[in-house]
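Heads up, the thing below is written out as structure tokens.
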Amino acid sequence: MTLFFSHRLFTVWRLKCGVMDIGWPSVLPAAGKKYQIELPVVHEEELEEQFVRGSGPGGQATNKTSNCVVLRHIPSGIVVKCHETRSVDLNRKRAREILREKLEVAYKGEESELLKMKKESMQKKQDKRRKVNENIEKKRRFKEMLNSKQEDDKST
């Protein structure tokens with residue numbers, strides 16, 4: 001039996017004692033994704049994939065394993081290199097996600113939802129930083145005012 005509350009589907013299990021137990025939604029959004037944007041579909045025959053040795057810290061473990069994925073989208077010529085994890089499978093998945101995001105920006109340009117979200121995020125960070133700097137400046141002026149009053153009180 002499935003119930004529908006607001007925007008989620010809940011599965012109901014009937015227990016032997018006759019009590020109904022409502023479980024988690026049967027379909028969950030991807031973990032860690034705060035946005036749902038329709039990204040372009042990438043077909044495997046349009047991709048050229050290579051596995052190369054990664055770079056960066058890690059010493060011998062990094063130097064002798066080829067778990068860095070280089071993915072090239074043949075029609076557009078976009079190249080993505082992913083070496084985020086030690087797992088080739090996870091790097092392959094992540095490289096495809098990055099490629100889809102880059103294709104979204106390349107095809108839609110300024111109309112891209114990802115680009116709009118990135119600009120919005122940067123604007124929020126700048127506003128927050130500006131407010132922090134304003135508060136620091138106010139505190140500095142307040143301390144100067146207190147110090148000058150204390151000096152005036154001492155001199156009189």
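Just so it is clear, glycine is given a Cβ too, placed from its N, Cα and C backbone atoms.
Residues or ranges marked as region 'GGQ domain' in Swiss-Prot (evidence: similarity to another entry): 44-108.
Residues 35, 37, 39-40, 42, 73, 76, 78, 80 of the same chain sit 6 or more residues outside the coiled coil (100-141) yet have a Cβ under 8 Å from a Cβ within it. The coiled coil annotation in Swiss-Prot covers 100-141 and is backed by sequence analysis.
According to Swiss-Prot, the region 'Disordered' annotation covers 114-156.
Residues or ranges marked as compositional bias 'Basic and acidic residues' in Swiss-Prot: 114-125 (among others).
If you look up Swiss-Prot, you'll see 132-156 (among others) marked as compositional bias 'Basic and acidic residues'.
Mapped onto DSSP helix, strand and coil, the compositional bias 'Basic and acidic residues' (132-156) counts 24 helix, 0 strand, 1 coil.
Applying DSSP to the region 'GGQ domain' (44-108) sorts its residues as follows: 29 helix, 16 strand, 20 coil.
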